[in-house]
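Structure first, then comments.
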Amino acid sequence: YVAAVYEHESILSPTPAALVDRQSALELMGRNLDIYEQQAVAAARQGAQIIVFPEDGIHGFNFTRSSIYPYLDFVLHSHSVKWNPCREPYLFNDTEVLQRLSCMALKNKLFLVANLGTKQPCEQTDPHCPSDGRYQFNTNVAFNDDGMLVATYRKHNLYFEYAFDTPPEPDYKFFDTPFAGKFGMFTCFDILFFEPAVNLIKQYNLKQIAYPTAWMNQLPLLSAVEFQQAFATAFNINILAANIHHPTLGMTGSGIYTPVKSFTYHNMESYGGKLIVAEIPVITTDYETSLDQKTPSRVSEKGNEQLPPQFYAEMMYDNFTFVPVWGEKGELQVCANTLCCYLNYQKAVLTDELYALGVFDGLHTVHGTYYVQACALVKCGGLSFSTCGQEVTDATALIDFQLWGNMSTPYIFPLLLTSGITLDFADHRGWKNNHYFMSKNRTSSGLLTAALYGRWYEKD
């Protein structure tokens, strides 16, 4: 089927904390919706059957609970009401944004997923009801090619979004399409947690995900395109990921991902939005993970060899234990807690770049709390140990490697990032003898990061 995602540079309110009236809010959102309209037309012309727009793309961000209120549409989060906002605009008040999105889907005869702020009054008898008597949700809406509202999803894992409430129960939301079956939905930070993202995929055996996001890139392990691809690969699904485009805030990185191919956009240099359209296969069966016959055996303990020094450095706000990756080839091992990481490597050419193999097995506590098990081969920012873990975007070293670890969780995201924030795929990856491994002969360009990023959800 043909899918489209649009990376949108939002027109933002210069004073998001100021209180405005509904009319001014609609005016600002209208300017973003005008751009959405052009993009929906362009996508339809290229044969797109579904388009996904980013999180916060219509209203922007940095609101307070009260300042966002005029920007919120009313949405009934229920299955019982069949509603086409474009054809029946008068059913509910405060649904101007929904009406425009519905009409875009209808006019262009495509499925459309977008993100907006919504409100829902609640009774004081409801124990979860906020003191102002209403819920405010960060919401994805999906419309079919007739403009019918077919699904709404309320973001569960809020990322410092004080204007919004967490829904009382996680939403497991998906909608049906004639061209690719069921599509699930979740938003941005949700991708790092079991609820509802992983549970949704497993419970309903979903193979397509629409994913609006407003993601701030964090190298070396959590750049948007890097993690989006790893997620599609790990769960063997297609992901349509639409990010916002604000390079000054570190926000870019969208794509259409299959388990074996990615169509991505990452651009920190220029401004303006970007439409990606790609034809991808509908996934019906599971790809077999090909197992490498040369799967490494445990690193042998050689008696008198000089072992490279262990050192500690901060990476992604976590205290990693590292060993340097010196020389043109070798076998390394580094451990922390219960996790040991192993690397066999051979550099095609010796360059004056420092690489290191790092391990972290613990609770990550900055910008969210979640348990990580990671084995990571990274290029350091400079030549001293203290630069390992820094954000690096360019590299020249071509390295053949096998990386493996005795992970305690089945949820491993294989990251493979090369120079210029471009993506590559491992030649082989999978489980063998209770170790997860990935191997690659010769990346397409210099290696930035090769990592096994494990999420041990039970220990969150």
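Placed from the backbone N, Cα and C atoms, the Cβ positions cover glycine too.
Residues annotated as active site, proton acceptor in TrEMBL: Glu55. Here TrEMBL flags Lys155 as active site, proton donor. Marked as active site, nucleophile by TrEMBL: Cys188. Summarising the annotation, TrEMBL assigns domain 'CN hydrolase' to 15-282.
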Pairwise Cα distance for Cys188 (active site, nucleophile)/the residue listed as 'active site, proton acceptor' [Å, integer]: 7
Between the residue listed as 'active site, proton donor' and the residue listed as 'active site, proton acceptor', the C-alpha gap once rounded to whole angstrom: 10
Reported mean pLDDT - the domain 'CN hydrolase' (15-282): 97
